[in-house]
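What TrEMBL says about this protein:
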type	residues	note
DOMAIN	71-141	domain 'PGG'
TRANSMEM	79-100	transmembrane segment
TRANSMEM	112-136	transmembrane segment
Amino acid sequence: MKDLITPLRDENDNNMLHLVGKNTKQKRLQDVSGEVEAMIPPTYRERKNKDGLTAHELSTEEHKDLVLQGEKWMKGTTIHCMVVAALIATIVFAAAFTVPQMTGIPIFHSEAIFKVFVVADAISLSASAASILMFLSILTSRYAERDFLQSFRF
């Protein structure tokens with residue numbers, strides 16, 4: 001059956017991939033991601049319609065607003081997460097240097113619970129610093145269409 005419907009074209013020479021690349025409901029895009037491309041023979045993927053656009057070019061043109069919305073959402077979420085990571089790093093850093101001491105030596109230095117605290121504090125500080133760097137790299141990303149292709153593959 002698929003061999004009968006995949007070569008069909010509409011009046012504008014759009015094949016099945018072109019039609020999928022046009023504006024559709026976002027929920028529907030999530031349901032059929034990648035399925036149509038797998039059905040279409042490789043030679044049909046680069047065919048152009050009457051406007052001279054391949055299915056990928058048509059999809060890029062039709063979904064420019066999705067890329068902008070994705071960029072806006074990613075930046076907003078990243079900023080909030082980065083603030084939380086910075087607050088955690090600040091508290092953990094402060095906790096490491098405000099240990100109760102007598103003559104420069106922590107009071108509980110010989111107890112096992114203090115060693116657990118030191119290890120947990122070091123892990124927390126490292127994880128927070130790594131999170132801050134990761135969120136910073138997301139913020140400085142270029143947000144090209146290709147960056148979102150994995151989620152919106154046609």
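Glycine residues also receive a Cβ, built from the backbone N, Cα and C atoms like all the rest.
Per-residue pLDDT, averaged along the domain 'PGG' (71-141), amounts to 89 for this model.
Remote same-chain partners of the transmembrane segment (112-136), defined as residues 6 or more beyond its termini with a Cβ less than 8 Å from a stretch Cβ, comprise 78, 81-82, 85-86, 88-89, 92-93, 95-96, 106. Mapped onto DSSP helix, strand and coil, the domain 'PGG' (71-141) counts 55 helix, 4 strand, 12 coil.
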